[in-house]
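S.K.: The structure that follows is given in the form of structure tokens.
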Amino acid sequence: MGRKDSVWSLGDGQGPEDLDKPIDSPPRSTLLIESPQSASVPVGGDITFVAKVEAKDLLRKPTIKWFKGKWMDLASKTGKHLQLKETFERLTKIHTFEMHIIKAKDNYAGNYRCEVTYKDKFDSCSFDLEVKGLLNSEGQDDAGELDFSGLLKHREPKQDDTPEVDVWEILKNARPDQYEKIAFMYGITDLRGLLRRMKKIPKEEKKSEAFAKKLEPAYQVDKGGKIRLVVDLADPTVELKWYKNGQEIRPTPKYIFEHKGTQRIMVINNCSMNDDAAYSVAAGDEKCATELFVKGILITCIEAVKTTVNERIELECEVSEEGAQVKWMKNGVEVPTGVRSRYRVKCEGTKHFLVIDDASREDTGTYSVMATGGTSEARIQVDLKPLKVHQDLQDTTVMLGQPIKLLCEISPGNVPGRWYRNGQLVQPNDRINIIHRNKVHRLEIASSSLHDAGDYTFVPEGYSQSLSAKLHIIDPPRVHLDSMNFPDNTVTIVAGNKLRLEIPISGEPAPRVVWMKGERVSFNLFSFHIIFIWSCLFKVILESGQRVRAETYGDQTSLTIEVTEREDTGNYKIVLQNEAGEATASVKIKVVDIPDPPEAPLVPVVGGDWCSMTWEPPKYDGSSPILGYFVERKKKQSSRWMRLNFDLIKETSFEPKKMIEGVPYEVRIFAVNAIGVSKPSEPSKAFTPLAVTSEPTMLVVDDVTDTTVTVKWRPPETIGAAGLDGYLVEYCIEGSKTNSNLLKTNLTEKTRYTITGLTPGCKILVRVKALNAAGASTPRTLQHSILVKEVIEPPKIRVPRHLKQTYTRRVGEAVNLVVPFMGKPRPKVTWLKEGKTIEPTDVSIRNTDCDSIIFIRKAERSHSGKYEMNVQVENHVDTAILDIQIVDLPGPPVCVTIEDVWGGNVALVWTPPKDNGNAPITGYTIQKADKKTMEWFTCIEHYHRTCITITELVVGNEYFFRIFAENMCGLSETATQTKKSALIVKEGLQIKTHDYNDHDFKEAPKFTQPLINTFAIAGYNATLNCSVRANPKAKVIWMKNKIAILDDPRYRMFSNQGVCTLEIRKPSPYDGGMYSCKAINDLGEAQVECKLEVKGQCGPRGELSLPPWVRVCIRV
């Protein structure tokens, strides 16, 4: 019966004994052929970590990064304490990456990581650095660039009052399923490492509380014998139970239980093979276990075997009893005997066999067989068969694309074998054919490729000897410019940018590459030394250049220009050479840049708010065509430039506008190409926009004599910032065809000029120009020529508008009248008053060529009258009459009498004043005064009649009255008072009351304003109005063609204070008809109606325009 093994369950976790097993991880590309290993270094010492990557299958250099911890990239920490180095060996095609740590500090210790990437491949390796020794105080100031803790913010250490926790003790005492929870709680990141170390710590046996002495780990007894299993209890009162393979044992003659003090004994009598089992005893919650082995099966010894591969091996042993359990072991490990195992076990009675059908060298070892009665072992030695080589593999060199044949001849001929390339098994496919005929083994490849090169090995199956040869694939060098898709093999780059031109190349072995800017270089193909022929036509680019350098990798060569310049433009030649041949290619590099600034612009023409400017294109266009120009301007005193155009100017001329006249300006130019905008040109010379004035206005002939012509004009409407210096009058005789006959007068500042020295009877043309600093304006020319001959002009008096009516002034005011007139020669002016000559002592008169002035310093009423003005030129006379009225205050009324007195009323009557002040009486002012106080109070003002009734007088008082006359000058200086007084007498009054009946205001509806027949225009709102009176208020109903209008959005009805309105919105001819308005209340009803006719609008062809809904109705 088999024993039941104990199992340590971790739940969802992982036990310590499982940590040493390999963990399945996703497949990862293995780029590193040599990884950096963990190491230690003393403080102040140097150490180097090396990582190597094989580049046979890589087209370019892989990318490597060094990290400290999880995130700190060491590429930014290089300096005197850390250096990173890269090298490449062309023969072995291995990239070597080194990290040198110089003068290590104790804070350099920690975990480091190396990561290598190439396209979609990735590989990494972690290693530890241990720094031994203490850091002295002098080195603290130079902690090194690897101490990234200096980047963190410095904080004062805080006092942590929480007690320290021993994670080791917690893990030791915890269950396996709690390991991950504990790691998360205490921040343990390397749980697997802790468990692996915890597994190596010897476990301390816990002292049992139930057992003072437990069972032995194992017991052995002969078959048929007796065995005693003894335990010593710490507490004799504890209940004890015995178990066999987990089943409780009951007392029987075979199993006897004994008690001796604290000892508990189980005796097993007559032991048989069935008693070979696992026994345990339980005392309360504790258990202890043991195993019992029953000896009784004897085993014979197996014999050692020595053979060769591919032979059959059979080990035989014999036991004393049939059915005995036998276990076969190899080097102490049980031999697997499953279905797919190479080992077979068979049993024939008491004989047991271990069979290996096809032996290999791995089968060499010590084999043992185990039974309950003992163990036997023997040594098996498996050697390879001897091999005879008739023809060995030969080193071969093949051109790329040619067929490959590798063959060898061995004996014996029936021995199969395997082909390996660089240690990897070669499998046959469509391209690779493996042939074995008798003693000949042949490997054929139809078309060779670069991947086929390497070390080939043929290993005969079952033999220790192998055949090897090297296969070299050579390929003439090639430059693959077609794959770059460069138009005309030209690369364009903007100046100032970095250019890295990577060109794929091929060739096996790797060709030597030379870049040069020029045309000539010679090669010695036998020694592979490049002999440079220096001349002014080329320049070789070295790999060690600073700004311009050439680099070559396995499958590409690159030209790097850190900062491109204009001088880098040119043809670059690439020369490749290896033992298979030579290849050349040319690449043109074109460095484009912003253009040079143009020269300072010229401003040849300046206007009032504009100027005309021109410039020349820049001397260097940046190797890119000039697309246009930007123009900027600024005031000379300002530093702020303003751009004038947002669309590029294609030409080299421009007219800036909208400048302020009189302000100095400067302009400058920017040239623009596809790369960008150039620097600005030098500013132009300062210029000031100045505009000539507009032409003079209203040029007319003022006077003509036999030898002179007088013209006059008005100033220009627009003068500008340059001001006005004067006028230039030019004239010429009519009939002159050229400007050379123009006669110019002197500059005059007046707007009137007389041309003298003319020939009588000639005709002249006259024009006038306004001059300022900007030049002469456009001339103003008389439309017709002027005949130099004095002309009689009949007189004409131009009476001002205010003198065409009566001219009124008060006494004492001044009179100053100006009456203009016309006429040539100078007219004769005479004044008459009322047909009589005016005395110069009373009225002053002054005459000029064009007007006459009549002046009265202090007017009197005697100056009133009609003044006649006569203007005479030879036989021509013109007359005008002026009516002058001098007014004064009026006199008082002639007589004021009290006509009647009744109740509180007094009737007054008076006569108008004799002197009205030479102006009509405009009203009267009546005042009253109590006889007791004689204080006057105004009763009424501006009263026009000559009789009035004064009311609301106080009964019992006695009143006097007076009246002032009033005209346009004001009230008369004195007033006329009544001679008698008016006494207001109190009379007895008797009030008679009358009976009044309340009026009944109820009324049936009655239209006070009926509806009126109306015409309306289609499309324009129309309204119908009427008014109705009713009490109580009437209900109004509008109807069309005797149909009530209800809830129609085209109609709106209003009613306000009895006025009823119907509004028809945008009527059409269909809305015409009889409209009626009905008013209804409790007393009756009334109705009015009218006819509405809507005239339709005519369309473009004269047809009637109807709304769409009317057209639909007509169609239906």
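Sequential numbering from 1, following the chain as shown.
Quick reminder: no glycine exception, Cβ is built from N, Cα and C everywhere.
Pulled from TrEMBL, these are the listed features:
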type: REGION; residues: 1-29; note: region 'Disordered'
type: DOMAIN; residues: 27-130; note: domain 'Ig-like'
type: DOMAIN; residues: 310-381; note: domain 'Ig-like'
type: DOMAIN; residues: 386-468; note: domain 'Ig-like'
type: DOMAIN; residues: 477-590; note: domain 'Ig-like'
type: DOMAIN; residues: 597-691; note: domain 'Fibronectin type-III'
type: DOMAIN; residues: 695-791; note: domain 'Fibronectin type-III'
type: DOMAIN; residues: 795-880; note: domain 'Ig-like'
type: DOMAIN; residues: 892-988; note: domain 'Fibronectin type-III'
type: DOMAIN; residues: 1005-1093; note: domain 'Ig-like'
S.K.: Express the predicted model's confidence over the domain 'Ig-like' (795-880) as a mean pLDDT, rounded to an integer.
M.R.: 89
S.K.: How does the domain 'Fibronectin type-III' (695-791) divide up by DSSP, counting helix, then strand, then coil residues?
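M.R.: Per-class counts: 3 helix, 45 strand, 49 coil.
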S.K.: Write out how many residues of the domain 'Ig-like' (795-880) are helix, how many strand and how many coil, based on DSSP.
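M.R.: So the counts come to 6 helix, 49 strand, 31 coil.
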S.K.: Tally of helix, strand and coil residues over the domain 'Ig-like' (386-468) according to DSSP?
M.R.: 3 helix, 44 strand, 36 coil
S.K.: Using DSSP, tally how many residues of the domain 'Fibronectin type-III' (597-691) sit in helix, strand and coil.
M.R.: 0 helix, 35 strand, 60 coil
